[in-house]
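Engineer: I have a structure I would like to understand better, so I am pasting it below and will then ask my questions one at a time.
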């Protein structure tokens, strides 16, 4: 034994104290939990993630709640029994296409609980899935605790809707929510419902799964821009973005009219956040925290400047995995018996102690290791896509949407086009005196005098698809003809998706048409702004010709759609 080791030094120190008359003071009472030696508040130690898990679960539950709320309010009109693209027709067509496959093969290719349900009342099925999701997500959001079963239920319920949602659920944030939700399953113990499950510390593998997710999201978004539209390289994209984004809000109106140098600064800042900051994740604790702060602030700016559904709120969730308990402690109250106090006590208990092996812990550790191996394996095509000069964005490589590619605004439209639906009560649609009246949607631009909407994190799926439809033809979007037919019949479900029906309290229109317009923000202080107009619009031409109910009868039957209203 070394002579300068602690065990040899202790007797010598004791002997010196006796020779000099020094005596040990009376032992002091240990400080109260959550307090320092002088009674000051104790600080949480770094390296544990008990509070991080609570914040992660609450944030994820909030996004789930919004997603299921959107589903409950809009699914019947979009994919219900008489929806614009009924999911029953979609499921039957899928079943017929794979009629030579086993039921398990069909289910594994497109997993959804709806395969196991009665299709005679699809509206009730869709409502049931959405209400279950709302109930479970509300519980997790309020309590901050969950187990693997509850989180798996949320993931399975939402995946069941995404896989039958057709184009209405084709946005990149659907897969992103499913991947985030899948990781959320492994944050929790199997059975225990506790905010601080003592024997189930937050898995480092799961935390790195979240960090790997935010790394891919941000780097993928940055690379798709640099490889995509030239305006990202010459720093001019922000000259157009606020005006041409899918659903502008009032702040976007003013940001669009910012000085040119401010737009250049925005674009450079975007490249810094998306291309350089993601690598902070691998540079130690402090750099990782800086990464999390910058990403959350960046998403907050995007929320303020546009209505991008719950995408930016969702992107904040994996960023929270950058923070440990010491970083997030300020979010929780102090005091005896508080969560922070209990975490501090748990940190003291486990410091230097070796936990006794438990069967549940062993099983969970094996599950986490398996998760890590699975994520690594499924990441191979994703990494190859990131490195490819032909990078694709918002693509999933498996039916479970576990590891996906991401990206946004790889190209920026320089002009804003809108499809305006109009109806007339005139018996002759081509008559010069036919009076055409506009239908107004809940959020997308229509009436130039209407203030842009402010709805984030909520999401109007029809309005978003109308934005995409304006860049294509109606032949590529047959659902818009279905919508026209429903407007001709004054269908209540379809009208609930709109903000204004010009024929309310009157007989339905005899004809409905689609008109193509170009929209630009009015200039602050200009003539149009003085008239109260946010937009200036100019007609491009017809989007689809005037249609009547009788003309649409064979069109509906060929697609298996129920005939609307009086037909």
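Cβ coordinates come from backbone N, Cα and C, glycine included.
Values in this document were obtained by computation on a predicted structure and should not be read as measured data.
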Engineer: So which range, 80-103, 104-127, 128-151, gets flagged transmembrane segment in Swiss-Prot?
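Structural biologist: My reading of Swiss-Prot: the transmembrane segment range is 128-151.
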Engineer: Can residue 48 and residue 442 be said to be on one side of the membrane, going by the domain names in Swiss-Prot?
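Structural biologist: According to Swiss-Prot, residue 442 sits on the opposite side from residue 48.
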Engineer: Write down the single range among 208-221, 222-235, 236-249 that appears in Swiss-Prot as transmembrane segment.
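Structural biologist: Result: 208-221 is the stretch Swiss-Prot calls transmembrane segment.
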Engineer: If I go by Swiss-Prot, the feature transmembrane segment sits on one of 293-321, 322-350, 409-437. Which?
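Structural biologist: So the range that Swiss-Prot calls transmembrane segment is 293-321.
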Engineer: According to Swiss-Prot, which listed range is region 'Disordered': 1-39, 40-78?
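Structural biologist: Swiss-Prot lists region 'Disordered' for residues 1-39.
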Engineer: Taking 158-178, 179-199, 263-283, 368-388 as the choices, which stretch does Swiss-Prot tie to transmembrane segment?
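Structural biologist: It is 368-388 that Swiss-Prot describes as transmembrane segment.
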Engineer: Looking only at residues six or more beyond either end of the transmembrane segment (368-388), which have a C-beta under 8 A from one in the stretch?
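Structural biologist: Cβ under 8 Å, 6 or more out: 186, 203, 205-206, 208-209, 212, 216, 219-220, 223, 395, 397-398, 402-405.
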Engineer: Which value does the mean pLDDT take for the topological domain 'Lumenal' (73-127) in this predicted structure?
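Structural biologist: Reported value for the topological domain 'Lumenal' (73-127) is a mean pLDDT of 92.
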Engineer: Take the transmembrane segment (208-221) and find every residue of the same chain, 6 or more past its ends, with a Cβ under 8 Å from one of its Cβ atoms.
Structural biologist: 56, 176, 179-180, 183, 186, 273-275, 277-278, 281, 288, 295, 315, 317-322, 371-372, 375, 379, 382, 386, 391, 393, 405-409
Engineer: Please report, as numbers and ranges, the same-chain residues at least 6 past the borders of the transmembrane segment (293-321) whose CB is under 8 Å from any CB of it.
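Structural biologist: Long-range Cβ neighbours of the transmembrane segment (293-321): 52, 55-56, 59-60, 62-63, 66-67, 171-173, 176-177, 180, 183, 207-208, 210-211, 213-214, 217-218, 242, 245-249, 251-252, 255, 273, 277, 280, 328, 408, 443, 453-459, 464.
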